[in-house]
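Enquirer: If you look up TrEMBL, you'll see A:Glu78 marked as active site, proton donor. Annotated substrate binding site per TrEMBL: A:Asn65, A:Val66, A:Glu67, A:Asn68, A:Ala69, A:Val70, A:Tyr71, in sequence order. If you look up TrEMBL, you'll see A:Cys76, A:Cys110, A:Cys113 marked as Zn(2+) binding site. The domain 'CMP/dCMP-type deaminase' feature in TrEMBL is assigned to A:24-151.
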Number of protein chains: 4
Amino acid sequence: MLAQCSEHCAHIFHSFRENVTDSSKIQELIKLSHEAKSYAYAPYSDFKVGAALLCSDGTISTGCNVENAVYPLGICAERTAIVKAVSEGHRKFLAIAIASDMKDAIISPCGSCRQTLIEFGTEWDVYMTKSDMTYEVMKTGELLPHSFTPDSLNSEKISNAH
Amino acid sequence: MLAQCSEHCAHIFHSFRENVTDSSKIQELIKLSHEAKSYAYAPYSDFKVGAALLCSDGTISTGCNVENAVYPLGICAERTAIVKAVSEGHRKFLAIAIASDMKDAIISPCGSCRQTLIEFGTEWDVYMTKSDMTYEVMKTGELLPHSFTPDSLNSEKISNAH
Amino acid sequence: MLAQCSEHCAHIFHSFRENVTDSSKIQELIKLSHEAKSYAYAPYSDFKVGAALLCSDGTISTGCNVENAVYPLGICAERTAIVKAVSEGHRKFLAIAIASDMKDAIISPCGSCRQTLIEFGTEWDVYMTKSDMTYEVMKTGELLPHSFTPDSLNSEKISNAH
Amino acid sequence: MLAQCSEHCAHIFHSFRENVTDSSKIQELIKLSHEAKSYAYAPYSDFKVGAALLCSDGTISTGCNVENAVYPLGICAERTAIVKAVSEGHRKFLAIAIASDMKDAIISPCGSCRQTLIEFGTEWDVYMTKSDMTYEVMKTGELLPHSFTPDSLNSEKISNAH
Ligand SMILES: [Zn+2]
Ligand SMILES: [Zn+2]
Ligand SMILES: [Zn+2]
Ligand SMILES: [Zn+2]
């Protein structure tokens, strides 16, 4: 556990120091996530969220939350950005930025979104911002330690499984 | 009940005869839904679905299903098309076409997608197609009779409710 | 379409006249759905829902809605009742009653719940009640016309499907 | 970040050494999670999962996964156990055990389930087991670092938020 946890910490610092993308691109991504927030359809929570997803070819896909009178049917900004990108042929992502109106707190992805993010890899960057556009960054996999991944489905099962 | 049901039938014929959009636009919509299917990320079900959503200003937003190793995290093609359109400023829709590879059966939206569709109105058209692009059409509201709508949330409650 | 719709109407009357279960059992089911509502965890919508599910062996499984600060993670009362019953070995259901605090409107299942209900058959009864315990009843399949069912997954596909 | 991460590691060891519940109770919980797995309705993934949830008063609520032909409608074992417990009046939980048939891998909760778990507190124990009933344990909050919580919804927003 210790070894794994040290590695975990290492990853965090790694992502701060040696990002896969240059800082002006990240600034643009963060700015777009804040702009995307303005399209949020959030009449029930009044909690608007925006996201901007950087695809491997440089394309940016934006998203916002889209709520529903039946609350469980809502879809988050991060997943909106993901499905939008996939529907346009993208499956490799470098980074996602997330924006909300929270003044003193970073907006982090919910558990459902984290699971959606790692479906497309555990090693890409999540920029969690405040309303002033300052941020913290973590790898997708760090946000869901010990995660259930596509590989889990193919894990060897016990013989008397069913 | 009878009155309501007759009205229901009337609606169906109405939508066949007097569509809000012309037939060449509908043919384009259906064609795009079948093309959108090619982007489906469906490694778990191997069941690819595409959708094309006609916004009130003529814009078309396409979608595909985006699955997840954790099955409940998947998002359908119809909802992909909806959240994509909303994230680009659209909230009024005229029609959606849905496509799958099923040879002899129309593809109809799942219950979750139907609830998402009626969030944006109960009177617009759903074109449910076969792989040969023939189709049936129903209004969003007909696909979810007696539906729970945004108005339900504001319904008067009994005084000792909690 | 007309034939199907007539059949639809016929079903509705059928379910009123010749229920699979006797009326005192239904009264008990409805009463239990209203009691189950008191356990609802609904701090976000303040919209409490209860459900009571009658299994084929006479067992009744109750449920309530369980919301989440991340709205899309909430689970409805009807689905709570279903998964609870399944987790105790039941898969055949005769009827479900649904209760809310709405004074003048029946509470009907959302699209997601309707899809969950038909996973276990399209011919069983849904009692949608008002706060005074009066109700309307429809078959699960009637609530989701032209539904995507377990059979759809096995439908023959076109050869060049992928 | 380092301080936080050290604290993170500390938590992990803490939960191993000084559990809130005695070890025979935990053994029972784990055993029940494996038994609950037998009720799983998983015809689509063929991946059966069980869960057993220990409530603060000692009651144990079991759950299994309940899938759907429309994959996104499935509900995981952990959430089944939670909604079942809530529907019976429980809202304080001490521990949850999770079981699958994976031979050489622990089963960990998906992101959606993690979000559901922390709705009821970030400091209770998650026992993630292998098929031989060995396990790793983590706090709910450790499984979702930097999580969006019920408090986030009430965070102060910027004045020009909408
Ligand atoms: Zn989310
Ligand atoms: Zn759907
Ligand atoms: Zn529902
Ligand atoms: Zn889960």
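Cβ atoms here come from the backbone N, Cα and C positions, even for glycine.
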Enquirer: Between the Cα atoms of A:Asn68 (substrate binding site) and the residue listed as 'active site, proton donor', what distance do you get, rounded to the nearest Å?
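Expert: The residue listed as 'active site, proton donor' has its Cα 16 Å from the Cα of A:Asn68 (substrate binding site).
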Enquirer: Among the recorded positions A:Glu67, A:Glu78, which residue has the fewest other Cβ atoms within 10 Å of its own Cβ?
Expert: A:Glu67
Enquirer: Average the per-residue pLDDT over the domain 'CMP/dCMP-type deaminase' (A:24-151) and send me the rounded value.
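Expert: Average per-residue pLDDT within the domain 'CMP/dCMP-type deaminase' (A:24-151): 97.
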Enquirer: Among the binding-site residues A:Glu67, A:Val70, A:Cys76, A:Cys110, A:Cys113, say which ones reach under 8 Å of chain D by Cβ distance, listed as they appear in sequence.
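Expert: Checking chain D against the binding-site residues, the residues within range (Cβ-Cβ under 8 Å) are A:Cys110, A:Cys113.
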Enquirer: Taking the Cβ of each of the binding-site residues and counting other Cβ atoms inside 10 Å, which one has the highest number: A:Cys76, A:Cys110, A:Cys113?
Expert: A:Cys113
Enquirer: Helix, strand or coil at A:Val66 (substrate binding site), per DSSP?
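Expert: Where A:Val66 (substrate binding site) sits, the three-state DSSP reduction gives strand.
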Enquirer: Only counting partners 6 or more residues apart, tell me which same-chain residues put their Cβ under 8 Å from the Cβ of A:Val66 (substrate binding site).
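Expert: Non-local contacts for A:Val66 (substrate binding site): A:Ala40, A:Tyr41, A:Gly74, A:Ile75, A:Thr80.
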Enquirer: In the domain 'CMP/dCMP-type deaminase' (A:24-151), how many residues does DSSP call helix, how many strand, and how many coil?
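Expert: Counting residues per DSSP class in the domain 'CMP/dCMP-type deaminase' (A:24-151), I get 42 helix, 34 strand, 52 coil.
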Enquirer: I'd like to know which of these binding-site residues, A:Ala69, A:Val70, is least surrounded, judged by other CB atoms within 10 A.
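Expert: Relative to the other binding-site residues in A:Ala69, A:Val70, A:Ala69 has the fewest Cβ atoms within 10 Å.
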Enquirer: Return only the integer: C-alpha distance in Å from A:Ala69 (substrate binding site) to A:Cys113 (Zn(2+) binding site).
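Expert: With distance taken Cα to Cα, A:Cys113 (Zn(2+) binding site) is 20 Å from A:Ala69 (substrate binding site).
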Enquirer: For A:Cys110 (Zn(2+) binding site), which of these recorded positions sit within 10 Å, Cα to Cα: A:Asn65, A:Glu67, A:Val70, A:Tyr71, A:Glu78?
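Expert: Checking each Cα against A:Cys110 (Zn(2+) binding site), the hits are A:Glu78.
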Enquirer: Which one of these binding-site residues, A:Asn65, A:Asn68, has the sparsest Cβ neighbourhood, judged by other Cβ atoms within 10 angstroms?
Expert: A:Asn68
Enquirer: Filter the binding-site residues A:Val66, A:Ala69, A:Cys110 down to the ones with a Cβ under 8 Å from chain B's Cβ atoms, keeping sequence order.
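Expert: Answer, by Cβ distance to chain B: A:Val66, A:Ala69.
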Enquirer: Could you list, ordered by sequence, which of these binding-site residues: A:Asn65, A:Glu67, A:Tyr71, A:Cys110, have a Cβ under 6 Å from ligand 1?
Expert: A:Cys110
Enquirer: Which of these binding-site residues, A:Asn65, A:Cys76, A:Cys110, are close to chain C by Cβ (under 8 Å)?
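Expert: Out of A:Asn65, A:Cys76, A:Cys110, A:Cys76, A:Cys110 lie under 8 Å of chain C.
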Enquirer: Rounded to an integer, what is the Cα-Cα distance in Å between A:Glu67 (substrate binding site) and A:Glu78 (active site, proton donor)?
Expert: 13
Enquirer: Taking Cα atoms as reference points, which of the binding-site residues A:Val70, A:Tyr71, A:Cys113 is nearest to A:Glu78 (active site, proton donor)?
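Expert: For A:Glu78 (active site, proton donor), the spatially nearest of the binding-site residues is A:Cys113.
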